[in-house]
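Listed in Swiss-Prot for this protein:
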type	residues	note
REPEAT	23-62	repeat 'WD 1'
REPEAT	65-104	repeat 'WD 2'
REPEAT	107-146	repeat 'WD 3'
REPEAT	151-188	repeat 'WD 4'
REPEAT	190-228	repeat 'WD 5'
REPEAT	231-272	repeat 'WD 6'
REPEAT	275-313	repeat 'WD 7'
Amino acid sequence: MAFPEPKPRAPELPRKQLKTLDCGQGAVRAVRFNVDGNYCLTCGSDKTLKLWNPLRGTLLRTYSGHGYEVLDAAGSFDNSHLCSGGGDKTVVLWDVATGQVVRKFRGHAGKVNTVQFNEEATVILSGSIDSSVRCWDCRSRKPEPVQTLDEARDGISSVKVSDHEILAGSVDGRVRRYDLRMGQVTSDYVGSPITCTCFSRDGQCTLISSLDSTLRLLDKDTGELLGEYVGHKNQKYKLDCCLSERDTHVVSCSEDGKVFFWDLVEGSLALALPVGSNVVQSLAYHPADPCLLTAMGGSIQYWREETYEAEGGAG
């Protein structure tokens, strides 16, 4: 007789808080990991962008140049540049090492909610309350965008890029996917204003959160509804959602001070992680490890799995 195969190790969830960082930049509007997960960015209501080593709790650099609160930021694949967008309607390209502004892109008619680099970091994509997604060439000296995607009927809340595709979520209740190779746009109607969108890490699905306190997992190509996830509260604010590092769990901020984790396949609630008493404004999931950053008020929290032991006692 054959012995049963050992079960693969269940994915661990980041439920142990290792650090809380007081960011000293007013309210933290967004927190983002860099490409390899060693550093993070925080966007402040005080117009600054800050770069941290979250495990050590050290501030590495402050980037000043926005005229109003910073709402989103992203790092390039080689860690040499950052981009950010904010309430001053501008998109800023930064040199990481010097802290200097490389370019300021102006053209949006309202605040910039969301920014992303393409995979080569040659183009910045920005989504604005003005209902447009604009594509800015980082290498060109021309002031105008190389492309404007203006199909949305209301503000853009979320933009994600994957290979040759752009995913844009709008307050008009639609998620639009632009296939740049084919020159096509497809649209999925959710009905409720979209707060966040993302691709699954395997590229097969899209995750959508909206103001009806529901997350939906769709088949990227067919638009088929694969799963719905409820239990959290999202009725007023633009909150982040994502998938865990192995696509096993759906993760979302909530207005009741928790972060919710659902089993992707079962749809069942796996964990409601208590962060604090206010809205969990933003979150970021590590690209390779069960590691989570959350933002609440003026601070960020750093979470790892229960079995995690920091090397050299850094935790």
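Glycine too: its Cβ is placed from the backbone N, Cα and C atoms.
Counted over residue pairs 6 or more apart, the CB atoms of the repeat 'WD 7' (275-313) and the repeat 'WD 4' (151-188) come under 8 Å in fewer than three pairs, which marks the two as apart. Note on the repeat 'WD 3' (107-146): residues 68, 71-78, 80-81, 83-91, 93, 152-163, 166, 168, 170, 172, 238 of its chain, located 6 or more positions outside it, place their CB under 8 angstroms from a CB of the stretch. In terms of DSSP secondary structure, the repeat 'WD 3' (107-146) contains 0 helix, 17 strand, 23 coil. The average per-residue pLDDT of the prediction over the repeat 'WD 2' (65-104) is 98, rounded to a whole number.
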